[in-house]
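Remarks on the structure that follows.
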Amino acid sequence: MDSIAKQIGVKTLQILNWGFFVAMVATNYLANALPFNDKTTKQLSDQYPNLFVPAGITFSIWGIIYIMLFIFCVKQSKNLFSKVPDPSTNALVDKIGLRFIVSCILNMFWIVYWHFEHLFFSVIIMLSLLITLIDIVRRIDYLSKNHEINIPMIAKAAFGTYLGWICIATIANITAVLVFFGWGALGQSETFWTCLMVLIGALIASWALNKLNNAFIGAAVLWAFVGILIQRIGATEYHRFIVWITVFAIIIVSTSLIIETTKAAFRRT
């Protein structure tokens, strides 16, 4: 993919990044405005009721993610109309530009497959998006360690938050498939599967925080867990085991977040 990026060129990638970002936002808007398959994203989610779904307010993070990605697109266009190259911008676009385009395409594919209720394929696409975002955040971390390159904080913030949320969204997508096929798989209850999913989310977030050196991953996951906690406490039926496990998961991720923030402070000194 790196060789393809070099053949395309930085300025072309900068323009393509804008084009695919706009297409991604437009696709997500139209999916609910039209809506695709005569159902909104929320209506489809409600078709697969489960205990892992967070409170509705939690999904407002998508607006924050898209705003940050918009700012990233502005930042990566810094030298688009200049004849003088900017080494930092060029390095960033060269390293992640093509992957950002791939992430936009996968995002659009997912919304289409989800709306037309191809659940299995939507999981495959979501996993592909997760892997792509991990690669992007890993590359941003690599560039950040080069003191000759100045990587804008918005790049870490946008893709770290995006990755953290997609970690949880991937688990939620898999949960929807479990609901579709029946929670009784392997003879376990819905509560068991929900607790397991929450713990898996916490472990993935802690691993990502440690390996990718990006505190924004943890912040997004914490937001999702708080949403699950709000939803379960506010529900008619109180699920104490899920509440306890979610609180435990919040403690795990918060601890990892504090450790990463402390490490980042030492790296800057």
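FYI, residue positions are counted from 1 along the chain as it appears here.
Note that Cβ sites are derived from N, Cα and C of the backbone, with glycine treated the same way.
Computed from a predicted structure; not experimentally measured.
Here is what TrEMBL says about this protein:
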type     : residues : note
TRANSMEM : 12-31    : transmembrane segment
TRANSMEM : 51-75    : transmembrane segment
TRANSMEM : 96-113   : transmembrane segment
TRANSMEM : 119-137  : transmembrane segment
TRANSMEM : 158-185  : transmembrane segment
TRANSMEM : 191-209  : transmembrane segment
TRANSMEM : 216-235  : transmembrane segment
TRANSMEM : 241-259  : transmembrane segment
Short question: most Cβ pairs under 8 Å with the transmembrane segment (51-75), which of 12-31, 119-137, 191-209, 216-235, 241-259? 216-235
Using a cut-off of under 8 Å between C-beta atoms, tell me which stretch among 119-137, 158-185, 191-209 contacts the transmembrane segment (216-235) the most. 158-185
Counting only residues at least 6 beyond its ends, the same-chain positions whose CB falls under 8 A of a CB in the transmembrane segment (12-31) are 5, 40-41, 62, 66, 69-70, 73, 76-77, 80, 93-94, 97-98, 100-101, 104-105, 107-108, 111-112, 115
Would you mind listing the long-range same-chain contacts of the transmembrane segment (241-259), meaning Cβ under 8 Å and 6+ residues beyond its ends? 51, 191, 194-195, 198-199, 201-203, 205-206, 209-210, 215, 218-219, 221-222, 225-226, 228-229, 232-233
